[in-house]
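Chemist: Got a structure here, written out as structure tokens. Questions coming.
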Amino acid sequence: MLRRFSSTFKKKGDRESKQNGTASSSSAAVANTNNNDNKRHSKISAARKSSSDDDRNEKKGNSVSPFEKYASVLHASRSPIPNQTGDGAYLEHEHTTSLLQDARHLGFKDFKTLKEVIESKLPGGQLIDDKTMLMERIIQLVSRLPHNSKHREELTNAFLTELWDSLPHPPLSYMGNDYAYRSADGSNNNPTLPRLGAANTLYARTIPPLIIQPGGLPDPGLVFDTLFARQTFKPHPNKVSSVFFYWASLIIHDIFQTDYKNPNMNKTSGYLDLSILYGDVQEEQNLIRTFKDGKLKPDSFSEPRLQAFPATCCVLMVMLNRFHNYAVEQLAAINENGRFTKPADNLSEEEAKKAWAKYDEDLFQTGRLITCGLYINITLYDYLRTIVNLNRTNSTWCLDPRAQMEGSHTAPSGLGNQCSVEFNLAYRWHSATSATDEKWTEDVYERLMGKPASEVSMTELLMGLGKYQAELPKDPSKRTFADLERQADGRFKDEDLVNLLVNAVEDVAGSFGARNVPKVLKNVEILGIIQSRKWNVGSLNEFRKFFGLKPYETFEEINSDPDVAESLRSLYDHPDFVELYPGIVAEEAKQPMVPGVGIAPTYTISRAVLSDAVALVRGDRFYTIDYNPRNLTNWGYSEVRYDLSINQGCIFYKLATRAFPNWFKPDSIYAHYPMTIPSENRKIMKDLGREIHYSWDRPQYTPPRVDLVSYSNAKLVAEQQNQFRAAWGDTVEFVFGKASKEFKLYQDSAFIQKHADVMSKLLNKEEWHRSVKEFYEDITAKLLEDKTRRFGGINQVDITNDVGNLTPVIFAANVFSLPLKSKENPRGIYTEHEMFKVLAALYNCLYFDIDKTKSYPLHHASQAVGEPLGKALEANVKALGGSSLLSGIFRSFRENKNALKEYGVHLTKQLLENGLGAHEIAWAQFLPTVIAMVPAQAQAFTQIVDFYLSKEGSKHLPAIQRLAKQDTKKSDEQLLHYCLEAVRLNDMSGLYRQSETTLAVTDEAVEVTIQPGDKVFVSFAKANRDASVFPDPAEVRLDRPMNSYINPTLGPHGFLSKETSHIALTAMLRAVGRLNNLRVAPGVQGQLKKIPQPGGYSAYLREDHGSYSIFPTTFRVQYDA
């Protein structure tokens, strides 16, 4: 009897392990007196406390009858005597509830929760909004199910799995420089397997060789002669250029370097980490570095094997070297968050040595991450798009292995990569050697061996290569190629490098497929066949089956050419016996397909290479998990980032224009699409409707701009507008299309003077100036009120982004009825901030297009916004004349009338009455005026505020604040002088113009000759501190003659005189001067970061510090209420 009671009340948890989500009884169990009783218990359930369901029911007032509550006990009392086991106990049978029984425990809200859970798991499901408390509702749902519910267990398991999968196990990203930077030998890419993919580790094997091969394989020389040897050159069917295959050579040598002393060893890393540039191991890396400012030795690269390749391979390496050195210069100048701060001067010798070493190391390693980022983006968006023929489409799709995947069945990333012997063979693309490179290789044999390649034995070849390698200087900066000579600074001449690159762009590569390998490479290919046999790699069919491809059943399937198929049959007897390497070379090549097949490789290679590309990139932690702005810096991440709206993501032009800024036009097809020959590119772009986007002439040297810094020359260029015009070239036609003819009239002095005279007669000067002053004061004060954020008793406002940049926008919108969207005009087209960005982009494109790498994207962005803006203005002018169907819409822009709007309407109507057409008014008068005025005024305002809040100018702030509270003509004059002095002392910009004349000038005691067509840049920074013109040049003085100031950006702008800008800036300074205790915001937000640029001007950092702007974009200040 005691045993029966013991088995009756024993806890289930004592019998077996608890399942997820299954609750055990809360009653105390009778001690188990027999360990053998674990599986033999009474059917009577143990007494337990009420479940959550019972609690819920009781709270609802649903009382449970005693008969229901103790039904199991009553049932047991009527049960027959247990006799199912030898010791008189019942066999235990686990009973679970059905779906219908579970559903009875759930409410309507629970079913809604289930629906949301299912929706979140569907493909394309949105991220979970945790404000809906979905996770907590899941907990509620599961807790309401019975303890013996199978669905409770399944839901609990799913919940646990999701929580587990939310975090990586083990973590793949760690803190510290050991993991933040790439190691020299590629180790630590996967921290849990630190030697995976490192240099000097063994090759992996991709497929097991299971097929029993014949005892005697064909002679390698015979294989070459019958399957490999090129009889005639076959140009690539898609006209892919040699540059594509040179880039492929970089990739191949980046991840494969067989140790010929131990061919199972790979001496380089298994990652695309540019070890060809930086070195395979630390000792090699030390030889390429200067150990100063993070730089590499000029025009040098580590990999000596590339010296034996066609010279353009080396040119590409030099370009990457130059980009690295450019990148570290920018990193040091920006110094994001103090990451690259130079050591203090007061350190001890030992401390200083360590600090400078760390400074160099941080710059070098971050520069490497950035340069690798450019390298991989070119590989994915220029090189890979060419492989699959996406360059012949306008599609922005790309097979980017770094894609962020959502869901439970996603491809892992950052796990590492180990190169295999099979892919070492798969990447030998000698068939694609161009006719030019074939001839070059023959000449190399003659020069090194003294006889034709056909007469060079294998022994002689190996000895000759060994001798060549031994004679190469160990110091990369001492090496050269293509008989080029280094200059005094260690660099090669740009002209020599560009000629090699351009020739390669125009050089069509060879075709894949059987009998396309140059005979000059016979010994090289024999070595490859022999090595593949020593590696015991699987057969061609085994390789195909590994990738899910149908194995070849006949030789004709391998290659439909009867002669090639017969040669294969004679050599191998059966398709299963065809070796991997000879097989992938002798296979039939795919025919081009748009998109799909670009480089037309052989069939097996086409599939395998894409898998390897994904493995190489997705397996690399530095291209996936740790590829982010924090590691590359905001500037570095942005600089190498692709833009799908530009060339569908292709970015080779960034490398070309940074390396050779004076050779490639910003829109040169040679820079944008170098992996297909230009003549074929022209056909492609014509079909795509993009032919006009590019220039097609062969790159030529463009003299660098003439930089002038003296006051006399600055004044000359600023005032002689007929001799120095805006350097916009063909830009106006590209941006404004058919309206460009009218826009150019803005530079016609006769046209401007004629209509300025008309305007002066139409305007009441005194009344106009009063209206401008009142408007600017009111709008500035209103923006200060609306945009100020108050927290912790402090008022803070972005005085640049929310006040200085918007005030002239609102002014222009009122005068010219710009389609501005605001609270007052909700039917507008552009918001105030958008309008400023539009006008700033157009100004930059038309008047300050200096950075060639940024020029092409800038032109396309300007084209996208410029023409629509001009058309909107023209429609508005027509509306004022009452002749436009859109007059009702554009009248809404003027619903909120004020004096300035009335002036604008009046002037427009008068111009129409004076015989000017709406098209001419909009494109030759209004649009050029707005583009020139708005950004320039905004820039000047920020320069003024920045100066008087700086250490140098803050002593004048009390006087400005005193004058701001006065409303007299004298206070206006004094405030204007404060404005002009601040601009003089704080203007780091300049003028960029094109000369229309021949002129000889003296600048800083140097004779400079300027020719027609020369680009000229004058910097204001030095000119404005010329002591001969400005006595006490560093001081603010209010008595300087007005005509001594050089500030052409402040006007005149069309019919708006320079006085208009002067009044505007004075009014804005007055409004700001009325703020109490005005000061800069603490920290970086209160710093107007300027980066010095070549030529004596400074660029501003954008708010995210990711790129430069000629206009300030953000500057926060604080003031008291």
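Here the Cβ of each residue, glycine as well, is placed from N, Cα and C on the backbone.
Since the structure is predicted, the reported quantities are computational estimates derived from the model, not experimental observations.
Not my notes, these are from Swiss-Prot:
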| type | residues | note |
| --- | --- | --- |
| ACT_SITE | HIS253 | active site, proton acceptor |
| BINDING | ASP254, SER269, TYR271, ASP273, SER275 | Ca(2+) binding site |
| COMPBIAS | 22-36 | compositional bias 'Low complexity' |
| COMPBIAS | 50-61 | compositional bias 'Basic and acidic residues' |
| REGION | 1-66 | region 'Disordered' |
| SITE | ARG305 | site 'Transition state stabilizer' |
Chemist: Measuring Cα to Cα, tell me the gap between ASP273 (Ca(2+) binding site) and HIS253 (active site, proton acceptor) in whole angstrom.
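Modeler: Taking the Cα atoms only, ASP273 (Ca(2+) binding site) lies 11 Å from HIS253 (active site, proton acceptor).
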Chemist: Count the Cβ atoms, other than its own, that fall within 10 Å of the Cβ of ASP273 (Ca(2+) binding site), considering every protein chain shown.
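Modeler: The Cβ of ASP273 (Ca(2+) binding site) has 29 Cβ neighbours within 10 Å.
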Chemist: In which DSSP state, out of helix, strand and coil, do we find ASP273 (Ca(2+) binding site)?
Modeler: coil
Chemist: Kindly assign ARG305 (site 'Transition state stabilizer') to one of the three DSSP-derived states: helix, strand or coil.
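Modeler: It is helical.
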Chemist: Quick one: give me the count of other CB atoms within 10 A of the CB of the residue listed as 'active site, proton acceptor'.
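Modeler: If we count other Cβ atoms within 10 Å of the residue listed as 'active site, proton acceptor', we arrive at 18.
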Chemist: Would you identify which of the recorded positions ASP254, ARG305 has the most other C-beta atoms lying within 10 angstroms of its C-beta?
Modeler: ASP254
Chemist: Other than ASP254, SER269, TYR271, ASP273, SER275, which residues of the chain come within 8 Å of the Ca(2+) site, judged by Cβ distance to the Cβ centroid of those residues?
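Modeler: Apart from ASP254, SER269, TYR271, ASP273, SER275, the close residues are GLY186, ALA199, ILE255, THR268, GLY270, LEU272, LEU274, ILE276, ASP280.
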Chemist: Cβ atoms within 10 Å, counted per site: which of SER269, SER275 has the most, among these binding-site residues?
Modeler: SER269
Chemist: Enumerate same-chain residues with a sequence separation of six or more from TYR271 (Ca(2+) binding site) and a Cβ-Cβ distance below 8 A; give 'none' if the list is empty.
Modeler: ARG182, GLY186, ASN189, GLY197, ILE255, ASN417, LEU616, ASP620, PHE622
Chemist: Roughly how many Å lie between the Cα atoms of ARG305 (site 'Transition state stabilizer') and SER275 (Ca(2+) binding site), rounded to a whole value?
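Modeler: Distance (Cα to Cα, whole Å): 12 Å.
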